[in-house]
Amino acid sequence: MKALTELVLASHNAGKLKELQAMLGDAVRVRSVAEFSSHEPEETGLSFVENAILKARHAARVSGLPALADDSGLAVDALGGAPGIRSARYADGLGDAANNAKLLAALQDVPDAERGAQFVCALALVQHADDPLPIICEGLWHGRILHEPRGEGGFGYDPLFWVPERECASAELASTEKNQLSHRARAMALLKQRLALA
Ligand SMILES: O=P(O)(O)OP(=O)(O)OP(=O)(O)OC[C@H]1O[C@@H](n2cnc3c(O)ncnc32)[C@H](O)[C@@H]1O
Ligand SMILES: [Mg+2]
């Protein structure tokens, strides 16, 4: 495989972009897909991996560069894995606060012992839009859903995600710490090994 010197990040989510950029560091020149197109492809896949590939191909097509996409979300045990691949759109596109409120309502009567959940991240890297061999790396982060939001950091469901290994909410972690522990960090560590950037 050709050495990777420049790539486009196929995400329009500011929180994710910040984390991915911090994790990639200076090893590659990182561009944003927003430089090339504001169109967001429909996420029609049934899995995180399918949606990551779809977003990566779109970004490679509009940029002419290798593209890295992240499809991620929260899978809650008591909800049969929901909101899952619909995590960003759980409250019909009304945003993070509405998503969190809907999740708390759905878990209103669920006791602590049954509030297990995992953050999931699928990263897909394609060399070009029609690449037949995307590189796929996944990461999981196990935790529990709190009864009310805590902390100001991170984005999305971070204020509701209890991190057992740190005994705080994900939104209470320093960004450097979240970037070492998270589902995205785990997937990125595998990707770096695969690309020998570690
Ligand atoms: O598709 P792109 O443009 O990358 O941006 P998006 O926000 O739509 O991203 P996804 O389709 O992958 O949906 C992921 C959602 O899952 C949630 N999520 C993912 N990673 C998270 C994290 O580290 N902390 C908190 N919430 C996270 C958050 O609500 C995201 O909007
Ligand atoms: Mg999305």
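For all residues, glycine too, the Cβ spot is worked out from N, Cα and C.
Keep in mind that TrEMBL annotations are predicted by a computer and have not been checked by a curator.
Other Cβ atoms within 10 Å of the Cβ of H183 (substrate binding site), summed over all protein chains shown, number 23. Annotation comment: TrEMBL describes S11, H12, N13, A14, G15, K16, S72, F155, G156, Y157, D158, K178, H183, R184 as substrate binding site.
DSSP classifies E42 (Mg(2+) binding site) as coil under the three-state reduction. Here TrEMBL flags E42, D71 as Mg(2+) binding site.
Sequence annotations record features per position, and here TrEMBL assigns active site, proton acceptor to D71. Annotation for D71 (Mg(2+) binding site): same-chain Cβ neighbours under 8 Å, separated by at least 6 residues, are E43, G45, F48, V49, N51, A52, K55, I85, C121, A122, A124.
The Cβ of G15 has fewer other Cβ atoms within 10 Å than any other of the binding-site residues G15, G156. Neighbour counts were taken as the number of other C-beta atoms within 10 angstroms of each residue's C-beta; across the binding-site residues E42, D158, the minimum falls on E42. Other C-beta atoms found within 10 angstroms of the C-beta of S72 (substrate binding site) number 26, with every protein chain shown included.
Following the DSSP three-state reduction, the secondary structure of G15 (substrate binding site) is helix. Between the candidate binding-site residues, S11, N13, the densest Cβ environment within 10 Å is the one around S11. Rounded to a whole number, the distance between the Cα atoms of E42 (Mg(2+) binding site) and D158 (substrate binding site) is 24 Å.
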